[in-house]
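Colleague: If you scroll down you'll find the structure; I have some questions about it.
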């Protein structure tokens, strides 16, 4: 092989490079082009032995090795789209049975065989889940739901009280025909628990029965699972401990919403499974995920020094950059490598959609700081929009994408391009699986664990500590006496005066306590609990 270096200003050499590096699969109708990433022949040769170790590690993971050492768990999202790969018959049966149950349940909901307790057809879904439990379903709904087909989805993915009130107020007249789906792997994550409690309160204060219109997706024997079974909820689906939230989209977390919008969940699984097969190829240039992982590695000097800007030129993929933010950044953003060395790894991801972004931050991408590479995503097949004034929308969209790609290259800005022949459940499943495998391979190249999230757990613990501190502060103020921040800090033997200030400010402006003094001068403030 004689691969020319990245030569944006030499069209002849760049064409040769493009032809050498282009990957295509006819069955999936998918192309991957890394020719405008700064990968050279020397790196190809140098990375081959490292990639062989990465391929072996991924093979071991798929066979059931303890990939998540921190939690002593296997990592099995690849089994979800091909149950025969699972390391035991019990797991294979569990996956196959769950797919069948989801198909039966969603078909019964849509046909009216399963109705509300008032005998009405379900019309809406309130999906309660955070992180991967919310982003994955949101991506599927925004990407694949057809007009006037299936149930209408609404999402509670935060504990913003105003946001919760707005969603519940919107559903006020539809409570009797709304299906409530609560997703929480452990069953104890505060955000979905709080959102569920708020939704349940509205349902029950309006005289409706919560269990008869509620579905849980959670681990077997979790707090939520036990509650749902004790109260005889409409249905529960299993979220196995070997599936992480950010890779749960081909399990019940993704298949249930697909079924409820009457989309082809089998094709979605097939697309992911087919891409899994293609990305098991140990030949570097014949494996699209390996090509992308190599491009990430080269572009960021193996340290994630360049951000990834995701530009999908299709409205249906507008949520995809947010989905990739979690998949990539939660997986790769690690302080330590596998040996415990401090490495501060990661890959920052942001984006929206083209051609909107051409009128936003593409100006900086072309002429500003060169600290990124772009991932373009295009779809070739368009609908039958009329040709008006000799103009077709799809032609212009494609032209804008190609023009942006060339304009960036002219300024020596790197990009890779993923092209889909059509956009449907099959191609979306393949696209998601492509990025999942790329993340896994890249993590092996930089020697980090992609399947744990100690930073997330640290954030949860810190939040719990703050909430506990608030309880202690409120206990002190319960005697209706005046207290300064310094006095409260002394009573609590706490040096965290800043957090005490933030907590008290929140309490005061939510009409629980009064404050005298200047907010600009925290030491002057005196707080008191008001008698009702």
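Just so you know, glycine gets a Cβ as well, placed from its N, Cα and C.
Annotations for this protein, taken from Swiss-Prot, read as follows:
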type	residues	note
ACT_SITE	330	active site, proton donor
ACT_SITE	359	active site
ACT_SITE	460	active site
Colleague: Would you kindly give the Cα-Cα distance separating residue 460 (active site) and residue 330 (active site, proton donor), rounded to the nearest Å?
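Modeller: Residue 330 (active site, proton donor) and residue 460 (active site) have their Cα atoms 14 Å apart.
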Colleague: CB neighbours of the residue listed as 'active site, proton donor' within 10 A?
Modeller: 22
Colleague: Most Cβ neighbours within 10 Å: which of the active-site residues 359, 460 is it?
Modeller: 460
Colleague: If you measure residue 359 (active site) to residue 460 (active site) at Cα, how many Å is it?
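Modeller: Residue 460 (active site) has its Cα 38 Å from the Cα of residue 359 (active site).
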